[in-house]
Amino acid sequence: MTDPDFVKGNGGGVYDDRECSCPREFYQRGEINTSLFFEDCIRSIDFVLAYRINAHEPTELENTEKRRVFEANLISQGLEVEASQKDQIWFVKIHAPLEVLRRYAEILKLRMPMKESLCNLRISERSNRLRNAAHYLTNKVGQSVEVEPIPGMSVVNRSTKSVFSSLKHVFQFFLRNIYVDEEIFPKRAHRFTAIYSRDKEYLFDIRQDCFFTTAVRSRIVEFILDRQRFPAKNQHDMAFGIERLIAEGVYSAAYPLHDGEITETGTMRALLYKHWASVPKWYRYQPLDDIKEYFGVKIGLYFAWLGYYTYMLLLASIVGVICFLYSWFSLKNYVPVKDICQSGNTNITMCPLCDWCNFWDLKETCNYAKVTYLIDNPSTVFFAVFMSFWATLFLELWKRYSAEITHRWDLTGFDVHEEHPRPQYLARLEHIPPTRVDYVTNIKEPTVPFWRMKLPATVFSFSVVLLLIALAFVALLAVVVYRMSMLAALKVGSSPMTTSSAIVLATASAAFVNLCLLYILNYMYNHLAEYLTELEMWRTQTQFDDSLTLKIYLLQFVNYYASIFYIAFFKGKFVGHPGEYNKLFDYRQEECSSGGCLTELCIQLAIIMVGKQAFNTILEVYLPMFWRKVLAIQVGLSRLFNNTPNPDKTKDERWMRDFKLLDWGARGLFPEYLEMVLQYGFVTIFVAAFPLAPFFALLNNILEMRLDAKKLLTHHKRPVSQRVRDIGVWYRILDCIGKLSVITNGFIIAFTSDMIPRLVYRHYVNKNGTLDGYLNFTLSEFKVIDSPTLYSLAGDLSNITTCRYTDFRLPPSSPEKYTLSSMFYIILACRLGFVVVFENFVALVMILVRWCIPDMSVELRDQIRREVYVTNEIIIDQEAHRARFERAKRCSSVLQTPVDQDMDAASIQEPNAKFINIEKLLTENLTQIEMDAIIHGENPITGISGADCLDEVHKKLSD
């Protein structure tokens with residue numbers, strides 16, 4: 001069929017027919033898995049459709065007709081199908097021939113690797129001044145006597161080399177156990193790519209190194225499946241696409257195949273499961289290139305981002321733990337805690353916390369005060385500033401790292417506008433004639449009517465989102481009422497608890513109730529947000545996903561953070577004072593303890609964040625196992641869970657085993673991203689109240705990364721490869737969270753913590769600059785007789801004549817008693833001044849970090865420019881060769897004999913042979929003189945007139 005000397009691969013073997021019909025990894029194994037092929041064991045199974053016979057006969061007749069028409073349309077597109085039956089389940093196996101792959105690769109504008117022979121690019125190592133200076137100083141010792149050598153430099157040089165060599169060996173040993181093991185996952189060579197075109201097929205080698213990988217094949221087949229019609233009543237506009245058929249029960253599933261079992265030697269799935277998805281390998285870097293090749297760019301980019309985020313959390317965790325240890329060791333010297341806890345001090349009677357509560361002793365909050373100091377201490381400001389700096393550094397370094405990945409995975413030139421319209425979008429506009437020409441694809445498309453469709457859908461969507469946000473605030477109000485009732489019950493019951501224990505228990509139980517409400521509301525939010533986004537008529541899948549992401553994140557943001565914002569900025573701020581409380585619905589508002597609400601904020605954060613992560617981890621481990629068991633029971637295949645290799649291949653078909661796995665779905669990554677971005681909000685927005693948040697996030701992410709990988713490889717069908725440019729709208733959300741964190745942390749330090757009052761007391765009130773007497777400074781006095789409610793609570797206990805409360809108000813002896821004192825306004829001015837200074841300082845640091853760290857390194861920028869230049873030169877050069885050849889062919893056609901014409905007819909019947917022979921001639925790098933000489937001869941081997949004169953031309957040129 002072809003010249004065997006020309007079509008050898010890298011391994012030295014000769015290509016056979018199978019290489020054009022299946023991916024190379026399917027047959028380059030010690031033992032071929034025949035369940036990955038059609039019955040002929042040559043054509044690979046690129047996609048599988050599965051269905052079961054419906055017991056209702058009229059419905060089954062209708063489904064059969066739909067399947068017949070749909071599969072006939074697939075065949076008309078060039079796909080090949082083969083049907084099999086197993087355990088009352090029918091499987092339609094689909095194979096995409098080479099011609100179909102070439103045609104749709106051009107339609108989808110896929111970037112494919114160019115020939116290695118055309119891509120020999122040497123990237124010169126950039127030198128810098130420091131390296132040149134070191135080289136100069138080192139070499140100066142060996143210069144001639146004309147140049148005075150530096151005394152002692154040779155000794156320093158030898159000792160430095162010895163120390164550096166020892167450190168280098170230790171460092172390399174450490175890195176070898178962290179980096180990807182290149183013996184298991186060999187480093188992939190960087191290949192130049194170009195948008196595939198059949199007119200420029202001479203740039204590509206479709207037979208080399210599995211040109212059309214399994215990921216590319218499945219993507220092309222899914223593109224075809226999503227756009228084929230099937231019969232429906234009244235010519236329904238949605239009567240097309242495999243998703244619609246699955247929703248109607250015509251098919252049960254549609255999926256590409258894994259390359260083998262997780263225990264099958266020689267498969268990428270088993271390799272990834274053993275060396276990537278294993279929790280004991282948590283310290284290893286991820287094999288991102290192999291993940292991308294197996295699952296596609298979208299999933300590979302998610303794991304790249306998750307790995308980098310986890311890596312950056314390591315620094316934040318270390319600093320957070322150091323700040324926590326500092327607060328722990330300095331606790332014993334904190335004067336206000338000593339004043340509360342030491343038994344020698346006079347008892348301080350505090351005013352009741354609710355209308356039914358009794359007076360209480362401040363000494364009861366001793367443990368509460370200690371916990372408060374662990375959070376509210378001098379290191380809090382430093383850690384808040386550091387985390388704002390860290391958030392900016394993380395995003396800037398991610399952009400830099402993402403640019404490297406984008407270049408390595410050849411996503412630099414990918415444009416979202418090159419995406420084809422969503423099938424659902426075109427279906428809903430089928431009755432509208434095409435009026436707009438897309439400026440990128442140059443294809444006529446219908447335009448969504450603004451007044452009739454776009455505006456009503458947008459207004460309706462916005463209204464529902466506002467309603468759902470209001471529902472989240474109703475849930476918050478319910479939690480607040482529960483917390484107040486719980487605190488009253490614990491203080492008024494038959495065996496009342498201490499105030500400190502009652503506050504902690506009421507806050508913790510309310511946070512747990514809030515967490516349960518969050519999951520209930522989230523379930524409703526997700527379904528409503530998807531329905532609303534579908535109404536908005538987004539053109540591409542990327543635009544649809546971005547809109548859905550913004551809706552759900554907005555709802556989740558309100559849902560998760562509303563209670564935290566309430567405790568941080570509203571609780572205890574507008575309660576009034578004893579005798580004149582500001583009531584809401586005839587009830588007193590919640591109050592903070594003497595140390596403020598920061599401890600309650602920390603408890604709320606810890607329970608929601610850690611509890612949410614723990615619950616999600618449990619769900620990710622056990623929920624897929626549960627649904628797989630349910631699916632196995634439904635299809636009657638209990639042998640699914642036997643992971644030992646089955647020697648009987650007739651009972652172990654790959655397409656059968658994958659059918660029993662769970663569907664991943666087009667938006668399978670959405671909950672994973674959402675979970676991590678919500679966690680990022682906990683780590684940054686409220687980090688001043690919970691310095692250990694980065695540490696708990698780090699522990700969670702180490703498990704999350706490996707459990708996500710295990711879930712993908714073990715419990716789910718293989719996802720169809722999706723091509724994206726970056727993490728999409730998630731980056732903009734992360735950037736907004738980073739900016740919001742600066743504002744929230746500044747206000748938490750200024751208004752929620754006691755840092756500003758402590759500073760004012762040190763530098764303005766107490767001349768000694770210490771905190772002696774600070775506790776009494778923060779407490780105001782109230783005479784019990786001035787409030788009938790408090791007087792009735794005091795009863796016959798005549799010894800309680802006054803009580804204390806946390807505020808800065810004038811004493812009862814003042815003519816303007818219980819009004820805000822001048823100290824309150826001084827502290828308020830200092831709080832506002834701190835917010836302004838803090839915000840501007842952190843903003844300046846963030847601007848400086850962004851300025852110092854470019855989005856792309858200079859080396860990478862120059863390399864991309866160089867590669868673009870070389871790629872264009874290759875195309876221009878090859879086009880020139882092709883033009884010269886076409887001219888030679890036209891000139892020689894008039895000299896052809898009947899034998900030549902027969903050869904041309906044969907080459908038409910076998911176009912690949914002629915193409916390969918032309919390539920042989922082009923690889924000679926002919927000059928214009930040599931090409932002109934070809935015209936005067938002919939060669940029956942190549943089929944090109946004049947080729948037998950090449951030897952004489954070479955001889956004459958050498959002479």
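Numbers run from 1 along the shown chain.
The backbone N, Cα and C atoms fix where each Cβ goes, glycine too.
Automatic, uncurated: that is what TrEMBL annotation is.
These features come from TrEMBL:
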type: DOMAIN; residues: 37-288; note: domain 'Anoctamin dimerisation'
type: DOMAIN; residues: 291-867; note: domain 'Anoctamin transmembrane'
type: TRANSMEM; residues: 308-329; note: transmembrane segment
type: TRANSMEM; residues: 380-398; note: transmembrane segment
type: TRANSMEM; residues: 459-482; note: transmembrane segment
type: TRANSMEM; residues: 502-521; note: transmembrane segment
type: TRANSMEM; residues: 548-569; note: transmembrane segment
type: TRANSMEM; residues: 677-703; note: transmembrane segment
type: TRANSMEM; residues: 824-851; note: transmembrane segment
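Under the criterion of 3 or more C-beta pairs below 8 Å, with sequence separation of 6 or more, the transmembrane segment (677-703) and the transmembrane segment (824-851) do not qualify as touching, having fewer than 3 such pairs. Taking pairs at least six residues apart, the transmembrane segment (380-398) and the transmembrane segment (459-482) share fewer than three Cβ pairs below 8 Å and do not count as touching. Below 8 angstroms of C-beta separation, residues 509-510, 513-514, 517, 521, 524-525, 528, 532-533, 535-536, 551, 554-555, 558-559, 562-563, 566, 590 of the same chain, each at least six residues beyond the ends of the transmembrane segment (459-482), sit close to that stretch. For the transmembrane segment (548-569), the partner stretch with the most Cβ pairs below 8 Å, chosen from 308-329, 502-521, 824-851, is 502-521.
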